[in-house]
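The feature domain 'ATP-grasp' is assigned by Swiss-Prot to 108-314, with sequence analysis given as support. What Swiss-Prot lists as ATP binding site is 134-195. Annotation source Swiss-Prot lists Mg(2+) binding site at E284, N286, citing sequence analysis.
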Amino acid sequence: MNLLVVGSGGREHAISKKLLASNNVEKVFCAPGNDGMRLDDIQLVAISETDKAGLIDFAKKAEIAFVIVGPEVPLLEGVVDALEEAGIKAFGPKANAALIEGSKDFAKQFMEKYAIPTAASRTFTDYAEAKAYLNERGVPIVIKADGLAAGKGVTVALEMEEAVLALKDMMLEEKFGDASLKVVIEDFLAGEEFSLMAFVNGEEVYPMSIAQDHKRAYEGDKGPNTGGMGAYSPVPHISEAVIEEAVQKILLPTAKGMVKEGRYFRGILYAGLILTADGPKVIEFNARFGDPETQVVLPRLESDFAALIDALLHNEKPDVRFKKTGLTLGVVLASAGYPEHYEKGNKLTGLNDIAEDVAIYHAGTKQDENGDFISDGGRVLLLAKEAETMSDARTLLYPEMQKLDNPNFFYRIDIGTKAE
């Protein structure tokens, strides 16, 4: 069968590559994809991820068996709705279900209604009221833009000055446009963070291997929040009992609650969780695969990925099996200055020297007229390595990262140290 993946990042590269490794899959197309995907025999289609008519037209012409929509923007713009209305099978939540990611305020109200553990919070549209609440609660405190901000709309403020500045940026300077006209202020939670993704079809939930993302730009979890600077899966210091508690108290009630609300969720539910003294609590929900978590979780999937998605689309029970031993480590190479101001068009060096057993997932790259790869985004690519232990993975992966050393790029050297 022929399949279509919508999106252009490292996540979509990982999804497409895993689909190609499935039985009965002839071709995988990616719209719009990126030039680096071609190296893995993924075929690019020059259609934007929100061009509904273009995607429908292509899916019909190329006899696409099903479409996987990767990023949050097309999900919230109703690309899955449009494909399904045109009679094309599409995996991902419809717009009304993707709202669990699209609005932090909606997610908070939903969690309160269904008693899903999360931090206490309040939502504001008035700057003066929000500032008064800040002063009343004190620091540390967390300030979130209500809408989509590419993973950068969250400030964990340890000082009041930082909290007020974040609030000003969002509400007065409109740093994230309409996304931050409404702001959620929530209590700071202390604990170990981890990502739990699951395949969801209505009330059916099939959890994946857990991962730990590294959101801050710099070593030691310092600097601004990013889309993610690296990840690994599984997370040895999070017990099976904690994962089971998260499934029972968070994922299942969420899936059931969404059905009850008339927001049937079929797709990937991503729970960004924190293990507190009172058990796991929700930091955020996403309505799709995480990036960079996908690049370290999907390589651990033992069952046939395309067959799994196909089963969910036909309301059948999927075969979901993950490796029980070893781990996968992934480190992001980012453009200097990311996540704030960075240049595009810088040449990547050392790519051809990367060991064959290290996976390269391209994100913000493209080829110039000479066929050389240049940067085309903040997060440029991710290298991933499977190994038996974290110290093996780090020992094997970081020399490969060093081959990419170049003043125009940077990466964190401490990804995975917590799991050693």
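Just so you know, glycine gets a Cβ as well, placed from its N, Cα and C.
Secondary structure at L134 (ATP binding site), as computed by DSSP, is helix. Just so you know, the Cβ of A150 (ATP binding site) picks up 14 other Cβ atoms within 10 Å once every protein chain is counted.
Mean model confidence of the domain 'ATP-grasp' (108-314) amounts to 96 (pLDDT, 0 to 100 scale). A separation of roughly 20 Å, to the nearest angstrom, links the Cα atoms of L134 (ATP binding site) and E284 (Mg(2+) binding site).
Counting every protein chain shown, the Cβ of E284 (Mg(2+) binding site) has 17 other Cβ atoms within 10 Å. On its own chain, E174 (ATP binding site) has S180, L181 as residues at least 6 apart in sequence with a Cβ closer than 8 Å to its own Cβ. Note: the CA-CA distance between V142 (ATP binding site) and E284 (Mg(2+) binding site) rounds to 12 Å. If you take the Cα of A150 (ATP binding site) and the Cα of N286 (Mg(2+) binding site), they are about 11 angstrom apart, rounded to a whole number. The distance from the Cα of L158 (ATP binding site) to the Cα of E284 (Mg(2+) binding site) comes to 19 Å. Counting only same-chain residues at least 6 apart in sequence, those with a Cβ under 8 Å from the Cβ of K182 (ATP binding site) are D105, T123, F124, T125, A145, D146, G147.
Applying an 8 A CB threshold to same-chain residues 6+ apart, the list for N286 (Mg(2+) binding site) reads E72, E101, I268, L269, Y270, G272.
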